[in-house]
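Some notes on the structure that comes next.
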Amino acid sequence: MQLNELNCVILCGGKSSRMGQDKSKLILKNQNLTQFQVDKFSKIFKNVYVSAKEDKFENHFSLIKDSLEFEVYSPMLALYSILSNFKNEFVFVLSVDSPKVGENELLKMLPFLEQNYKIIIAKTPLHKHPLCGFYHSSLAQTCKNFLEKNEQKIGLLFSEIKTKFVEFEDEDAFLNLNFYEEYEKFKSKLK
């Protein structure tokens with residue numbers, strides 16, 4: 001299996017409460033963070049989609065909207081909505097605010113898709129990264145079951161589903177732009 005046979009979905013539906021503004025629209029290199037991620041991953045994957053609660057991008061991207069079945073704002077709902085759009089395949093899911101993840105990290109995770117796992121995510125010494133990994137579309141119903149019990153954390157899947165945590169030493173590769181200062185620092189290094 002090759003990366004260019006797979007689909008990628010960039011999650012853009014977070015509340016961005018710590019950032020104080022919508023992270024998906026932060027500007028990097030004369031484009032918003034969403035466009036930055038879509039451009040990068042379009043060179044790697046078969047298709048790149050954007051996941052959000054509504055179309056805040058004026059039809060600029062292939063959009064997967066959150067299901068209206070549940071009136072919550074959560075990563076589990078986004079994952080359920082994403083996986084419901086695919087049949088019998090792995091999908092790479094990444095948060096829009098992780099701009100340093102790239103092909104090297106993906107290639108290290110890729111071989112585990114051929115093994116008996118349904119979830120393959122990145123893990124660094126300090127964190128598991130549930131919004132940086134491959135999820136099999138067959139998990140949509142499991143996500144729905146959690147939502148019906150009002151369970152919103154993606155990490156709950158790991159105890160029920162065969163999951164591979166792919167070890168990475170470099171925390172920096174999985175930088176999340178949660179605060180404006182982190183964004184400013186990252187932006188200044190791009191110049």
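Heads up, residue numbers simply count up from 1 along the chain you see.
Glycine is treated like the rest: Cβ placed from N, Cα and C.
Keep in mind it's a predicted model, so treat the numbers as computed, not measured.
Residues or ranges marked as GTP binding site in Swiss-Prot: Leu11, Cys12, Gly13, Lys23, Asp66, Asp97. The annotation Mg(2+) binding site is assigned in Swiss-Prot to Asp97.
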- Given the binding-site residues Asp66, Asp97, and counting only Cβ atoms in the protein chains shown, which has the most within 10 Å of its Cβ? Asp97
- Item | Those residues of the chain, 6+ apart, with a Cβ under 8 Å from that of Cys12 (GTP binding site) | Lys23, Ser24, Thr34, Val50, Ser51, Ala52, Lys56, Phe57, Val96
- Message: To see if you understand the setup: which same-chain residues, six or more apart in sequence, place their Cβ under 8 Å from that of Leu11 (GTP binding site)?
- Response: Ser51, Pro75, Ala78, Val93, Leu94, Ser95, Val96, Leu131
- Message: My understanding is the cutoff is Cβ-Cβ under 8 Å with a sequence separation of 6 or more in the same chain; which residues meet that for Gly13 (GTP binding site)?
- Response: Ser51, Ala52, Lys53, Asp66, Tyr73, Ala78
- Item | GTP site span - longest C-alpha distance across Leu11, Cys12, Gly13, Lys23, Asp66, Asp97, in Å | 18
- Does DSSP put Lys23 (GTP binding site) in a helix, in a strand, or in coil? helix
- Excluding its own, the Cβ atoms lying within 10 Å of the Cβ of Lys23 (GTP binding site) add up to 23
